[in-house]
Amino acid sequence: MPEALNENVSDTASNGPVAKTRAPPNTSFRQQRIKSWQPLLTPKIVLPLFFVLGIIFGPLGGGLLYASSIVQELVVDYTDCETLASYDEFSAVPSKKYTASFDQSGTIGFDKESTYWKLEKILDKDLDMDVNYCIIRFTVPSVLKAPIFIYYRLTNFFQNHRRYAKSVDEKQLQGVALTADEVKGGNCFPLEVNEDDKPYYPCGLIANSLFNDTFSSLRLLDDNSVYTFSTKNIAWASDKRRFLKTNYSPDDVAPPPNWVLRYPDGYTESNMPDLSTMENLQVWMRTAGLPTFSKLAMRNDNDDIFPGTYEIKIGLFFPVKSFDGTKSLVLTTRSVLGGKNPFLGIAYIVVSAVCVVLGTVFTLRHFIRPRKLADHRYLNWDSEENNLAPHLSDRP
């Protein structure tokens with residue numbers, strides 16, 4: 001009887017359902033049996049590697065540094081123009097307020113201290129009011145090859161703050177006419193609707209803080225000719241796709257608080273903003289990752305700037321002193337690698353130097369006090385085992 005019972009149990013076990021298992025399939029990849037190769041890092045391999053890296057990174061760093069050095073650039077910090085400049089006459093811009101990186105080869109009599117500014121009140125016809133303009137006069141000693149770009153640079157402005165960066169409604173930017181309740185339920189807090197419960201268009205902190213200083217084209221004083229810049233094609237194609245013409249009617253929405261100066265009577269059929277064509281807004285809405293950043297304001301892709309003395313007028317609207325920031329004008333050319341930024345080239349050269357120094361030090365160490373490969377005297381576990389051996393032999 002017990003034998004029959006055992007037979008039934010074994011039959012049931014063999015014929016029953018197979019138990020589920022969480023073991024991975026029996027493959028080379030899943031069972032980690034794929035063939036591998038691990039290099040043996042001997043001095044003959046590691047030491048030449050240091051020198052090879054130094055030889056590679058050195059010329060690369062030199063090339064990057066050269067590409068940055070050929071970019072011609074003028075940077076003027078005009079934050080204090082309203083307090084330091086005069087309404088009566090031009091005065092020299094303090095040297096700490098500007099940097100000029102021009103090609104001066106073959107230039108005779110170029111004065112590095114040739115940047116001046118002056119304040120002037122000019123009637124803004126759109127605003128119907130007098131506006132302070134900072135007029136900056138500077139000298140270009142050599143030809144600036146097109147394309148030429150004008151950027152504005154801000155410091156201590158944290159566009160990467162979480163509340164600021166998320167304060168935008170993508171549907172509204174795509175032209176969807178959201179109701180007040182829909183805007184309140186979105187991401188535009190704290191600038192969603194006005195006191196009349198009208199949605200702000202565009203809503204959110206990013207749009208409200210749009211950089212609104214204005215830049216004129218350059219005027220050459222020698223012959224009073226104008227070097228014209230354009231505000232077209234300053235936004236990336238990916239940024240342009242974020243914005244479409246709105247389906248709002250002017251009476252349904254209100255301008256953001258910081259836009260009221262430009263739209264004192266609200267939106268009308270004639271001044272309703274079309275975000276799909278406002279490239280300055282599109283550029284601004286791409287938030288910067290660092291508190292110091294530059295954004296493209298204007299460009300000229302065809303005409304060179306010839307040597308001479310130029311003037312540019314900047315309408316002063318954007319406040320920066322409230323957050324201890326600065327604002328600067330950047331007039332620049334570019335190289336195949338972009339604008340002037342020596343950091344990457346310097347970093348490559350430093351890495352190259354470090355590799356060569358380490359390679360030299362380790363090579364000298366290897367020749368002065370060579371170490372035998374696979375010397376068992378350096379195995380800690382081996383020495384510990386030998387130390388324990390006498391004690392283990394004493395055990396009963």
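Placement of Cβ uses the backbone N, Cα and C atoms for every residue, glycine included.
As written in Swiss-Prot, here are the features:
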type	residues	note
REGION	1-30	region 'Disordered'
TRANSMEM	45-65	transmembrane segment
DISULFID	C81-C134	disulfide bond
TRANSMEM	131-151	transmembrane segment
DISULFID	C188-C203	disulfide bond
TRANSMEM	342-362	transmembrane segment
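Known features from Swiss-Prot, placed on the structure.
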residue	record	DSSP (3 states)
C81	disulfide bond	helix
C134	disulfide bond	strand
C188	disulfide bond	coil
C203	disulfide bond	coil
When you measure from the Cβ of C134 (disulfide bond), which residues in the chain that are at least 6 apart have a Cβ under 8 Å away?
Y78, C81, E82, A85, W117, K118, L119, K313, I314, L316
So how many other Cβ atoms are close to C81 (disulfide bond), meaning within 10 Å of its Cβ?
22
Near C203 (disulfide bond), which residues of its own chain have a C-beta under 8 A away, given they sit six or more steps off in sequence?
V168, D169, Q172, V183, G186, C188, L191, E192, V193, P256
Specify the count of other C-beta atoms within 10 Å of the C-beta of C188 (disulfide bond).
26
